[in-house]
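Quick notes on the structure that follows.
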Amino acid sequence: MLTTEKLVFVCRTLNIIDLISIIPTWVSLGVKEFSWGSLLRVLRVLRVFKLARHSGGLQVLAETAIAARNELFQVFFCFSILVILFAAVVYYTEEQDPIEPHFQSIPHSMWWAVITLCTIGYGDMVPNTGLGQAVGAMACVSGVVMVALPISVISSTFTAKFQEHTERKKLLEAQAARVKDTKARDQRESQKSMDSQNEGTGTFVRKLQSAWVRRSSKTSSKLVGGRTGARAPTTGNAGNASQSLDMVWSGEAENHENVGGSINVFQRALSVGAAARTDAENARRSSLGDGG
């Protein structure tokens, strides 16, 4: 089913140019002898207009032509009227030319009218009578005036479109630079936040380690009741707890890059603390058994 997006895609100018440019290939495959084949091959040149997407100047010209389409249509309409008018007048003035009648019909005279209005003058068709030459002079002046009138409007439109194109280009460049700066700032802030979290985690673990060592030492002293033999295992347990915390911290220092890593370190520290308390309790029971 042909949706609106597909229809818009098909109706794009560049896609229409592609469609027209491949017509000669299909025509040559279906028809062996075709007198217009050479002319149709010229349609392939239309692919050159696809370069407009990479040229800012061509884009400005296209936008100007679209914006000034009303003025251009008026110029074309007036030009068509003048061509028909002067072609008819010069035909009737040169119809009775006894020397060399160049103007055989009104459609044939339109070629002369177009060339004269555009002030080109090839010279292949010229009026020989005085009245015909007067008509040719009026055609030249009319062509100059008709072309000069809309030039100011088209020029102002081109200037406005060129300024819009320049401002749009500057805006896109500014947006790209702003996005780049935003990404760089976000990366710096993220790195700074990660460093702060890592530093806070390290400080917390070190404080926890020192507090636990002090607490384990005090608990060991109370449990043994002054007995050197019983205090030795407990002191060893405190040392093991300290060593375990050192291992936890040294193993996780490089990996806790976020809050989740910090929580993991904290949980492991609590596990080590629980193990140390269990060892201390076992030592206390052992000392009580020896005393009994």
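Placed from the backbone N, Cα and C atoms, the Cβ positions cover glycine too.
Residues annotated as domain 'Ion transport' in TrEMBL: 9-159.
Outside the transmembrane segment (72-93), and at least 6 residues removed from its termini, the chain residues within Cβ reach (under 8 Å) are 65, 103, 105-110, 112-114, 116-117, 127, 129, 131-132, 135-136, 138-139, 142-143, 146-147, 149-150, 154. The feature transmembrane segment is assigned by TrEMBL to 72-93 (among others).
The transmembrane segment feature in TrEMBL is assigned to 105-123 (among others).
Residues 60-61, 64, 67-68, 71-72, 74-75, 78-79, 82, 86, 89-90, 93, 113, 116-119, 126-127 of the same chain lie 6+ residues outside the transmembrane segment (135-160) yet bring a C-beta within less than 8 angstroms of a C-beta in it. For 135-160 (among others), the entry in TrEMBL reads transmembrane segment.
Residues or ranges marked as region 'Disordered' by TrEMBL: 173-201 (among others).
Under the heading compositional bias 'Basic and acidic residues', TrEMBL lists 173-192.
Summarising the annotation, TrEMBL assigns region 'Disordered' to 216-242 (among others).
Among the features that TrEMBL reports, compositional bias 'Low complexity' is placed at 229-241.
Residues 79, 82-84, 86-88, 90-91, 136, 139-140, 142-144, 146-147 of the same chain sit 6 or more residues outside the transmembrane segment (105-123) yet have a Cβ under 8 Å from a Cβ within it. Across the domain 'Ion transport' (9-159), mean pLDDT in this model comes to 82.
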